[in-house]
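Engineer: One structure, pasted below without further comment.
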Amino acid sequence: MPDDDQSPISAQQAKRLFADWKAAPAIVLAVSGGPDSIALMWLAARWRRAMTRGPRLIAVTVDHGLRSEAAREARDVKRLAKDLDLPHRTLRWTGVKPKTGLPAAARAARYRLLAKAARTGGATHILTAHTRDDQAETLLMRMLRGSGIAGLAAMARESERDGVQLARPLLDIPKSQLIATLNRAKIAYADDPSNRDASYTRPRLRALMPALAEEGGDSRNLARLASRLARANAALEVLADGAERYLALRDRNDASRFGFDATAFAGLAEEIRLRLLKRAIDRVGHEGPVELGKLEALLGALDRAIADGQPRLKQTLAGAVIGLVQGRIHVDPAPPRRSRTG
Ligand SMILES: Nc1ncnc2c1ncn2[C@@H]1O[C@H](COP(=O)(O)OP(=O)(O)OP(=O)(O)O)[C@@H](O)[C@H]1O
């Protein structure tokens, strides 16, 4: 591991890390109590103290009600926040806990609660403590699932969620540097055993990281790959914007209907066609992002129908009906599903 991966983060380095958000009126810091987010809170507090004017910082901890230690950890975060002169709120997830897909449900609830706290506190941004190691793991997880370019771009430094900007200032910073920062400042942090729980994919992948690093696949290289793919993805999105304008996808009379000329569509590159279909389906379908595999199957069916001169084709995908009628591809909202009980 290079030496700078072990060195505490200096005040100067932290100033650069947070510079993008210095004009925000207020910022929510998402602090679980683990080392990464405790370091985020400590670094942000030190950065803010060094400025005469700057954003109000609000530390927020979500207690998912899943581990008995969570309430105590939240109190520990509150105590440290007080020492750092930061307001702190603990929010509890009181929703139904599903038997399967618990981590995903907890994550969705967490972001909803954080976004609500941001809106209540007048904050425009939520800062999380995702590190370079998290980015490398995310890339690896998505590689194993055969994700497309957008998925392999992994986590963005800034994105929008529930009407608030979600920012990740530590995405290029290795976890080891955050630990070194806390050790130097003599700040304690919680150890979350679920981070090592082998019944979840991420901890199992995390356990493989040292062996991959031995082969040169360390978090620096993996995160670099993610950012290169993010660059390629952004370029492809710009091309898709142009193609969308070219096809004049949006039906001007009715914003919920989309249609495009099948021959002009067929002349575009496959990656762009997939993106255009995805955009149209996500807009009208309202069932969340459509899966790439299903999108590819749909495009294959459309391509075959166009090539065979088949006059009609109709498929439903992610709440949208995709039809080929008289040389035009239509993407419309699917009618509401009829309930089985009637
Ligand atoms: N209970 C929590 N309360 C507040 N913030 C949290 C909590 N859990 C996680 N976070 C924030 O999210 C960051 C990422 O945490 P973690 O890697 O455990 O999340 P995850 O479940 O893998 O979700 P993600 O998809 O966001 O990575 C933390 O560094 C912290 O900023």
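Just so it is clear, glycine is given a Cβ too, placed from its N, Cα and C backbone atoms.
The structure displayed is predicted, hence computed values, not measured ones.
Annotations for this protein, taken from TrEMBL, read as follows:
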DOMAIN    27-207  domain 'tRNA(Ile)-lysidine/2-thiocytidine synthase N-terminal'
BINDING   SER32, GLY33, GLY34, PRO35, ASP36, SER37  ATP binding site
Engineer: Kindly point out which of the binding-site residues SER32, GLY33, PRO35, ASP36, SER37 have a C-beta less than 6 Å from some atom of ligand 1.
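Structural biologist: Passing the 6 Å Cβ check against ligand 1: SER32, ASP36, SER37.
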Engineer: What is the set of residues, excluding SER32, GLY33, GLY34, PRO35, ASP36, SER37, whose C-beta falls within 8 angstroms of the centroid of the C-beta atoms at the ATP site?
Structural biologist: VAL31, ILE38, ALA39, LEU40, ALA129, TYR189, ALA190, ASP192
Engineer: If you count CB neighbours within 10 Å, which one among the binding-site residues GLY33, GLY34 has the smallest count?
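Structural biologist: If we count Cβ atoms within 10 Å for the binding-site residues GLY33, GLY34, the smallest count is at GLY34.
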Engineer: I'd like the number of other C-beta atoms within 10 A of the C-beta of ASP36 (ATP binding site), please.
Structural biologist: 22
Engineer: For PRO35 (ATP binding site), which residues of its chain lie six or more apart in sequence with Cβ-Cβ distance below 8 Å?
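Structural biologist: When sequence neighbours closer than 6 are ignored, PRO35 (ATP binding site) has LYS175, LEU178, ILE179, LEU182, TYR189 within Cβ distance under 8 Å.
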